[in-house]
Each structure stands twice: as structure tokens, then as C-alpha cells.
């Protein structure tokens, strides 16, 4: 049976090679789109790792007029105290520009057991950072007031960095970094998706700023009480502007930034999805038309088969099987190309993403071909042998 | 002859309506995507408000300090533009403006986000902003450090409501009161180099604009006397940059060029990979992605339709029509089909553009189908028609007369 179908396909190889190419290209397009969708969905379904609502971010370019670290730290401590005296302000922390959804990154690396660990997001985190973002602590503890006395610089890392450094082993109390600059892990927090909710969380370490770093800070994260309005924001703005006389200040809401950060991923996906949706409709119509025409041309052959005893279901089954076999041939070639992505690790995505995308694309193509060949097949089954043979 | 082809083409289109529908659907949808894309690109790249003298301008928006192990890229300092860029012999005027940054203002318990830009006086001469009322601030006002501002139409509406004359009134931004001297027509945010809600004199900047470093948050536009001066200016500018003393031992050269508008908007700040080639590659890949499947589909459909007409072709061949004539006929028929699809595509894209404009995805960006877009559409149609017609036409011309006639 299968051999027979192959012969039928081979006999019309010119026409079928074009159909095959079309199915192959459709498959590759679908594979690309599904890879993107699966990747984004998997990231989206993971927990965010922090709470964005009611967090305001103030950016300022403050010129303190001093290079003294202690007085800079004191200045910001003072500002924080004034801000906290407003009843709606729950937590204030000063940090670098790499706040969630800001698009800014600051990365670093350190050696661990002779291996260079790179691309670690570096967050300057004051004691109040955890409360401002409501980070979820998984193990150990967050920074405390008397941290400065410790011999090794204490750091908090996220789960992803923990897995890369220690695997399933113990993280707390471990020393990382080179001899000159040793750091001790005191806590592990849940991964935070800082880029946007559709992108994976990066490796991260949180480090307590020492006084020399306050000089360069230009961002404050402020957790406010739910329902704080623009009138209050105006008051807060005035308070900051009157303290930092030489600064341009901008207050944004993490909630708004989340929307625009998500859009940087969502908008291209939606555009690409719509375009490929139309492409697939286009292909489906074309496939349907060509199959339909082919079957009409084979009325003589079909009539003859009916005359020698083939059932209607047998005929339509054969035609559908022929189309599916053709799709399988295209898929085999397509899978050969697609499988190179996980094998060669081209785009640095997890293998699971590719496999799911591959599965979805295969199922989709089969479904498409099946739907497009069912109606022509059914029509062929309705051919009366007497009429068909009479025509010839 | 052409009229005959046309008649035949229409007759064929009418015969198998389903196939006609599929072909037209594929063509018009492909063209719609390409036209919307073209409308967007020609708008962003080609719209010359407010820099109407674009062909006489060179843009400086990025400087890079490079060393063997380090690279530090950013905008330029005011001092660099005002002192070094001005020092070259040829240009007439140099517009200097800071990259737009955000701040807030609060009116009647409502928050307004404000983009602000610091500019010099030449900024208003080099660029041709359309003033709805008032006028730009003057060099004298800048020198005096007066708190004056030019605001955009949108800003006027957001801050003052529906008032039509606000010149002389005060607007508060960044905790400072500024007197409005003029209101200009809106600029879409896609023109990110020039977009702003309020424009302020650089002398009221809270930062020190006399800092002698090369890097900072400013960009410059050099306006030449005539277009022919541009290559000379570019050369002089590069020579000036090459002579600059290096600020630090870790750097061995400075990379900063005065480029045309296109080069400036896609400037990635990397001297090795020009932003323009990245943009063109991305565009080409997308075009291929959109065009490949419909073309294949059309080829498939065309072949099917030709086989259907084998008797007609057989008769024509039997009466002495050459292969060339048949290929020509089929290509013309296919072009008529694609142009018809193109017309439908133009209607679709007009609808989609109207929807996009109505929904204001990007404020102040009024997309439209202009001559440029139509020409692009026509070229795409022709390419599409030829590519999808050549192979089927070739197959048709090779049909064997005897077989073709016998098939019926």
C-alpha cells in the first residue's frame, strides 16, 4: 500500500516537488513562530519574583557637589527619612539605574573554583531593597544593619546563579570571588524577571552599597500605600526636588514601565503571529485548491478503481493518505533543518522549547494537510464509476 | 495584442473563481503587509518636519572612546559641539540639543509626563519648526539664562487645556517656572533625535554645560551652505576628531562621525557594524519571510491553471505560436492578475493605515499612502508577478502539442 502511494507521488514528481517545498517552508515558518511562542509562554508562566504594583521609580541626576562618600550616604539617608515621614511611603531604597523593566543592565563576573562566572546582573541593594520590591527569600536571610563588620562582603544571590554555582549543593555560607575580594553568600532569593515578563530571569547578585557608591546613584525605588494618587505624587516630587536642588527628577510607576517593557516583546510577537497566520491561511487555500484540482483530473482513475470494487471510504482514504505522505516527506526534510537548532545550540534557548515547538509545528502541518485534503477526498468518494468512465 | 491578452486574462480569471480568489487573496495580503511597512518606513525616514533642510545637514549624535580592551560610547558634551565641532572651517550653523529626558509636572492634582530638551539658539534656525503661536527664544535670552520655553501643541493641550493663546503664560516643569515664548507643531516620537514636549535654553540646565569632557547628553546638527559642501565638512570633521587629545591612557582612538540623517537614526554606536546594514538585513529577511510563501503558493496555483488550459495551448502551438509568444502571454496575464491584487492590496492598506492612525499607536505619527509607497507597491507587484509567472510559463511553453491536444 505504502509503496503504491510512493509510486503515485513519484509519477507526478514535478507537481509534487512544488507542493513539497511549500509545505516545507510553511513548516519552517511555523517552527520559528512556535519556538518564539513557547519560549515566551514558558517565561511568562514562571513567577515574576517581585511585586511591581505600588512601586514608584524616581530617576534623578543629582550633583551633590561633593566627592565624599560618607556625606553622600548621609545626604540620601536624610532624604529617605524625610520621605518615610510621609504616611503613604512604605519603603525607600536608593540604587543604580538597573531597576525592573527599565531596560538598563549592569553585569559583572567573578571567579569561583577556578571557573570564571560571567554575565551576572549586579544590583546595588540597600537593606530596604527587599521590602521595596517584595523579593521572595528562598533560603538564608537578607542584609541586616550591622553587616559592615563582617570580614567577607555579604551577598544575596538568586536561584539561577545558585544553581550554576553550586548545583543542588548548599549555597549559604559559601565563599565566592578571588582572594582580594571574597564574598559570602548569606541568602538566596527567587529569580526576578527584570527585563519583562516574557523574558527569562538572568543570573543575579545583590550587593549592599558601601558609602563610596552613593555618589553615583541616580534612582530611588519607593513602595507606596495602595491608592496613592497624583496629588500625593506631587507632594513627594516637591519634597525630592527641594532636597536635590540641582537635579532633574522624573517619577514613573513600575506598573506603567511593566506595560511598555512587556510590549517590547509582545508587539513583535503579535505582528509576526498575525503575518504568519495570514501566510498559513494563504497556504491552506492554495493547498486545498491544488488537491481539489488534482482529484478532478484523476476522475478516470478513480472511476476505474470504484468499478473494480474499491469503496468510497477506501478512495478518500487513499487520497488523504497520499497528501499526508507528501506532508511527511516535507516534514522529514524540515525536521532535519529544525533539529540543528537544539543540536548546535544556535540561539541559546533551552532544548525543551525547541522540542515543543517542533511537536506543535508537526501537529499543525498534519492538521492543515488533513483539513485541506478531507473535502477533496470526500468529493472523490462521491464519484460514480459509470459517470466517470463514461466521460473518458 | 495587449488588449487581447487582457481579454483572455479576464476570461480565465472568471472561469475558476475559487482559484482567482486564492491568487488575489495571496497577492493582496502580501502587498498590504509590504505597503504598511513601506508607509511606516517612508514616514519615519522620509518625513522632513522639522528638519526640512535635511539634505544640507550632517548629524553628530554619538562619540566613542576606544581602546584595545575598552570601549565607552555615549552622546556628546555641549562643550565638544560648541567648541570643537564649531571650530571646523566650513559649516554655517550648528544646532545643539540635549537628548530628550523625562520629568513630571503636576497640575490640578493631575500628573503630566514631560520630555524636555535643552537647545541653543541656532537650533531654531537649522530646524524649521512650525510655530502655531509666539516665536523661539533668542540668543540674548539664552545668554541671560532666562527661564523661557517653547512647548509643543500636545503640551499646550495637556497643561493649559483648550486655551489657544498661551504665549507669556508660565508652565512649571521640574519644579521650575518657565515663561512660554512659543508653541510648535507636534513631532512624532519616532523622530527620537528631535522629539520633545518642551524646549529650554541650555543655560538653564541644572547640569554644568561647561564640562570640558567629550561625552555628555547632547547631539549636534551641522547645517552647510550648500549640499556640495557636505563631503568637505565630513572630512574636516574627521580630521578634527583625529587631532583631539585622548582623555585617558586606556584609549587609543576616538570614533565620532558627522553622518547623514539615515546613518544617524540607525547609529548603533559600533564602528564595525554599521546600523544601516543591520537595518537593511533585518528588512530583507522580513521581506523574504513575507514574500516566499505567497510566491510559492502562486506558482503552484499557476501551474495548476496552466494544465487546465492545455488544450488552448495545444491549439495555439499547433497553429504556429512560438514558445516565446506563449511565455510572454502568460507573463502578461500573470502581471494583470498581480496588479489587480495590488489594487485590492492598496485598498486594504489604506483601511489598515486609517485604523492604525485612529488608534494612535504612536502619537502624532500620521501614516499615509504617498507616491513613494505607491511606487514601492508597484515595484513589488511587478517583481511578484514576474517571479511567480516565469516558472509556470516555462513549463507551459514546453508542453508537447500532441499530448496537450490529446488530453481532452
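Every residue gets a Cβ built from N, Cα and C, even glycine.
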From A:300-323, A:324-347, which range did TrEMBL mark with transmembrane segment?
A:324-347
Which one of these stretches, A:20-41, A:324-347, A:353-375, has the most C-beta pairs shorter than 8 Å to the transmembrane segment (A:266-295)?
A:20-41
Counting only residues 6+ away from its ends, which parts of the chain sit with a Cβ under 8 Å from the transmembrane segment (A:324-347)?
2, 5-6, 9, 16, 19-21, 23-24, 27-28, 31, 35, 354-355, 358, 361-362, 365-366, 369-370, 373
Check the domain 'MacB-like periplasmic core' (A:50-230) for me and report the mean pLDDT.
89
